[in-house]
Structure formats: C-alpha cells, structure tokens
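Student: Sharing a structure below in structure tokens format, with a few things to ask.
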Amino acid sequence: MATIIPVASFDCVVFGATGDLTTRKLLPALYYRYKDGQIPPTSRIIGASRSEITGDQFRERARDALKRFVPGHDLSEEALSAFVDHLDYVAVDGAGEDGWEDLAVKLAERPDQVRPYYLATSPDLYGAICRNLARHGLIGEKSRVVLEKPIGKDLKSARAINDAVGEVFPEEQIFRIDHYLGKETVQNLLALRFANTIFERLWTADVIDHVQITVGETVGVEGRAGYYDTSGALRDMVQNHLLQLLCLTAMESPLNLDANSVRDEKLKVLRALKPITVNDVQHVTVRGQYAAGAVEGRPVEGYLADLGPGSQSRTETFVALKLEVQSWRWAGVPFYLRTGKRLPQKMSEIVVQFRASPFSIFPEEAFGREPNRLVIRLQPQEGMKLEVMTKDPGPGGMRLRPTALDISFEETFKQRYPDAYERLLMDVVRGNPTLFMRRDEVEVAWAWADSLLKAWADRPEAPRPYAAGSWGPTAAIALIERDGRTWHEDLR
C-alpha cells in the first residue's frame, strides 16, 4: 500500500461539472483519493455548470459515472455512497451573472477551506470565470485555479488567457495542468536520471544515438470534430504533451525538486529547441490525415467522413518531427517525435537508443548488432524496459540475442498505480506546482509551435493520407529511415 500523505480540508469547485472530463477523469480520481483515505471528511466537491439540475440529480449522475468508469472490483456500495455524500451542485453561468450569489453563499459555509477552482470548460471561458470569482469575493490566500489544455491556439491567444487569469490570480495560485506529467513513469524519469549514476553518466551525446517519443491514439475525433479541426495534432498534442516529455528527457539536473528549479530547467530545453524554418519543413516534418481503414479489427471511416459530407479539411491528424536540442549534452542527437489518431495502438513511450559498440569481438552472424535501448512506457502499462544483448542459452556456440530487463510498476510494487489526475488534484490542494506548467513554459512552447505553423503555411501542402490502423504515412517512416534508423514498434 502506498503511503497516503494527508491534505488539508478543501472545497473543490468544478466548472463544467456535467462535461466529459469531469465524468471520465475527475470524479473517478477524487473517488479513489476518498476511498484511500486521503480526502478529509469535511471536504466537498461542488459541481458548477449551466445545467439546471439539483444537488440530488448531480449526485445520481456522479454515481452512474463512477459505475461506468471505475472497475467493479474497486467499487463498493458503502464507499460509493459515502463519496457522493461529499458532492454538491450549484447552477452557475460562468460567463454571465446567474448563480454566482448561490455559489458564494455555499462557499461561505466553510470559509477556511482550501479552494481549488477546476476549470473543465472551454478556454474561452477562463477569463470570464476568473473575473466573476474576483467580482464576488471568492478568491483568497487558499484559492487555486486549475486550467486545462489547450491554453490558447497560438502565442497571442495563450498570452491573452494568461493575462486574463493573471489579473485576478497570482502566478503561484495558477495550475496549468498537463496530465501526462502526473503519470508515475514520467516522475520516475526524474528518479531514473538523477538518482542513478549508471544512467545519468550515459545521458550524453557520446553515448546516446537518438531519442524517440511516440504518443499513439486509436480513437478518431470522437465528438470533438469542431475543436479538433481548428487545432490539429501539432496544437492538440505536440505543443504540450510531447514537448513536456522531451523537456523531462533532455533537461539538466535541477538544483533541487523545488517547483521553480524543475521548471527553470525545462524552460532551458524549450529555449534550446532549434526552430523549424520554411526551408526545413519538407525534410524534418510530416503531416498526415487518416483515411478509412481498420483499427483493432474494426472498420472505421476516414477523418473527412468523420467531419461530415463535403468536408475538404487539410487539418493534420498525425505529425512526425525530427527535432534538435541545441546544447552541449545533446549536440548531434536527433529527437524523433510522432503522434496521431487512428493508429494501431493506444500507447505512449520514450525510447532512448544508445550508440552501437564501435568494435565487437563477436562475429557478425552471432547477432544483428542490436543497439541497447531504454524504453520508458507511459501507457498502456506503465513501466521501463532496458534492452541488452545476452547469450542464447544452450551449447550452440556464442550466439547473442536481445533480452529485455522489464519492470512493470504494478507487478513490481503489487498495487494499483494511481491515475495521473489523482496525483495532480492532490498537488493542487497542497499548493505544489512542480508538475504543472509555468506561464513562461507555455508561451515559449507556443512561440516554437507558431514558427512551425508559419513554415507550414508558407509552404502549403495537403496532409499525406494514411490508412486508419497503420503507423501513419509512409513519409513518416522515410523521415527516420533516411538517417539509418527505424521507429520502435512493440505491439503488446
């Protein structure tokens, strides 16, 4: 059983309480924290949205959602009933005037609580909600505000959102969430690098050949067509999730685990990313769009059909990139990134491939000169795998084969690994921003993404089609193979 670190009693107000994020992620995460004894009995989760429903109706919806999204073996009627007793609801128009006095009255019942405000809404509402919180006197020293991605669609809009929120909340009370940073494997990456001499001394351009970061999704746009078609894979995934994983892989050691020390080092990596110019885009980027195919044995339509009849969208659903981090540690080491929808497997991984030995005492036929790899899996099963060469058992001579030293965290530690939102929600209550993005991180990442978007616009090309259920366009394979390398694909 993991150590449970107590948190202060809180009133968590979730705006967008009837939406998909709350239903699928936030309520299950809070249920598990309650079930494990981490949420104090005087805490409340207060739903807020424009839906004119009662507290009892909200609790019934929450009960149904938990039965849907929490495995049956983790649910008991006793725990479920006790948890929903901590739920309440207020009908509030985030951008208007209705309901705010009701919310103020409810929060005034417990004025000393920590108050996280979770904005599970469209980013267009962030500024209005924050201004209403201030106007009704609902922001104090124990308040925090949580912002979900996307924070803007470019640098200009990101700054506008940050300015609007920053007018009423100081930076130390603003928590910009990227749930990938709450995954145990991502946090273990810091431990792997900076608590183990064996790896940190190998973490250099002299030893590492290249790094791959892959985030694959089997789903299509799934009811988010309106948002996704104005966003695309670069804005939706690369600018936040993939760049954050790159930062944690490439960053230098922070002075300590203080939030600003860690975020300072990530910021240095973002600033060291080589911009991609219009002359580079054809050589180091690939844009794709899924066509009809089959995913996990099920036939699916293409992106244009998912959007509706007559669509001629040129939005990318797949991106592959070759990036450079301009620093002493990473000089000459390419970072290959790819992400897409309708890929063969839902998976996220970081692959650190080490350089081949410059000389081998073994004959070529003994083995295929397989390089050592460190594979850091974020999903579907969190863990790490170190691929090394070992002798094939038996009397057949000195024949070698790659062998994986595999660590599955759940199997190793014999416990359920908490979802990322569980960790991050409790960090918000504690006021610990280490695993959240600072304003300058977000804006530097957008500045880099904007330069790539401009380069694409200056050299307009339609995204390359790829069959649903494949690993993307053939051009993405060529992107890495022309450097004499291959994508790591380990279906499991």
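Backbone N, Cα and C define each Cβ position, glycine as well.
So TrEMBL lists these for the protein:
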ACT_SITE  HIS241  active site, proton acceptor
BINDING   ARG50, LYS149  NADP(+) binding site
BINDING   HIS179, LYS183, GLU217, ASP236, LYS341, LYS346  substrate binding site
DOMAIN    13-188  domain 'Glucose-6-phosphate dehydrogenase NAD-binding'
DOMAIN    190-488  domain 'Glucose-6-phosphate dehydrogenase C-terminal'
Student: Which chain-mates of LYS149 (NADP(+) binding site) that are at least 6 residues away have a CB under 8 A from its CB, listed by sequence?
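Tutor: The answer is ARG176, ILE177, ASP178, ASN240.
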Student: In angstrom units, rounded to an integer, how far apart are the Cα atoms of GLU217 (substrate binding site) and ARG50 (NADP(+) binding site)?
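Tutor: About 31 Å separate the Cα atoms of these two residues.
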Student: Cα-Cα separation of HIS179 (substrate binding site) and ARG50 (NADP(+) binding site), in Å?
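Tutor: Cα-Cα distance, HIS179 (substrate binding site) to ARG50 (NADP(+) binding site): 26 Å.
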Student: When you measure from the Cβ of LYS183 (substrate binding site), how many other Cβ atoms are you left with inside 10 Å?
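Tutor: Looking across every protein chain shown, the total is 23.
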Student: Return the member of LYS183, ASP236, HIS241 nearest to ARG50 (NADP(+) binding site) in space, with distance defined Cα to Cα and candidates limited to these recorded positions.
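Tutor: Checked the recorded positions LYS183, ASP236, HIS241; minimum Cα distance to ARG50 (NADP(+) binding site) goes to ASP236.
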Student: Widest Cα span across the substrate binders HIS179, LYS183, GLU217, ASP236, LYS341, LYS346, in Å?
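Tutor: With HIS179, LYS183, GLU217, ASP236, LYS341, LYS346 as the binding residues for substrate, the largest Cα distance is 21 Å.
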Student: Would you kindly give the Cα-Cα distance separating LYS183 (substrate binding site) and HIS241 (active site, proton acceptor), rounded to the nearest Å?
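Tutor: HIS241 (active site, proton acceptor) to LYS183 (substrate binding site), Cα-Cα distance: 12 Å.
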Student: For ASP236 (substrate binding site), what residues in its own chain, 6 or more apart in sequence, show a Cβ-Cβ distance under 8 Å?
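Tutor: Spatial neighbours, sequence-distant, of ASP236 (substrate binding site): PRO150, TYR228.
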